[in-house]
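Here the structure is laid out as structure tokens; the discussion comes afterwards.
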């Protein structure tokens, strides 16, 4: 496909006879198998892990009432949806070369991925702000950050993400506007892509700023506890918990930046210059790093959060006890009942 290799008619390619084929950059079977393997592995683990995190949070009254874990549950839900929608649409497009989708259906799928990943970033921002308030104003934290305000913030967050992701299907696309299309996504207007990248960069900037302040205050708390350990008393555990959770979320942020940086850099680069076919292949593989980020987040929670880890252990031991109970009682009871039944049947035969 020479027209796809040159890619000089990218803006027309989304309107003419081959709307999708110019963006199917995986040319060899080995590349398709690699993408399918990565998506299958990361996607399966991501769905399982985030489902476990959601179960652990909402099955425990102690965690589901805390605003911090309400925000973390929003992050887990966003990652769960992103893994399902991203894997299904990405594999169908790049591996199976599915071209039966209409423009509206394709933009709907892309909007689902956009909504999920934007909600994931926004949930991290709310979590960062939650830690910011907890450390900067600890005495007023429970008054400022309540469950009602947490749920209200999540409602605004998800409404904003859905609205932003719906703009292409509502008309902000290169086909409707007859404008320049993105070289990375079919039907997507270059101006919309640049606006979305700016939104993501703004979210990342706010998260980095909030965590920089959190780490600075955490360092102050650690130094204060070392000097006044005898006077701090009960507040010691609270400060240590804040510092621990802050470090955990910084780890999440570090993974987020490492996984998203290649994709964002290529998106920005595509806005200002033409991409080669090789770079678009690199972008396809780098896109799986976003899925890797969604897979790593729950692992960090399980390793760093004592409450979630304790809940996970409790669930594991309950499941283990149930398995032992199934091995012990049902088989013995059924064997006893079957032997009694056989004895009764044999007695009936002898009587007759």
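Each residue, glycine too, has its Cβ placed from N, Cα and C.
Matching 5-29, 105-129 against TrEMBL, the residues noted as transmembrane segment span 105-129. Record note: among 248-270, 317-339, 248-270 is the stretch given as transmembrane segment by TrEMBL. If one looks beyond the transmembrane segment (150-172) by at least 6 residues along the same chain, the residues whose Cβ comes under 8 Å of a Cβ in the stretch are 67, 70-71, 74, 104, 107-108, 110-112, 114-115, 118-119, 122-123, 126, 130, 187-189, 191-192, 196, 199. Within the model, the domain 'G-protein coupled receptors family 1 profile' (49-301) carries an average pLDDT of 85.
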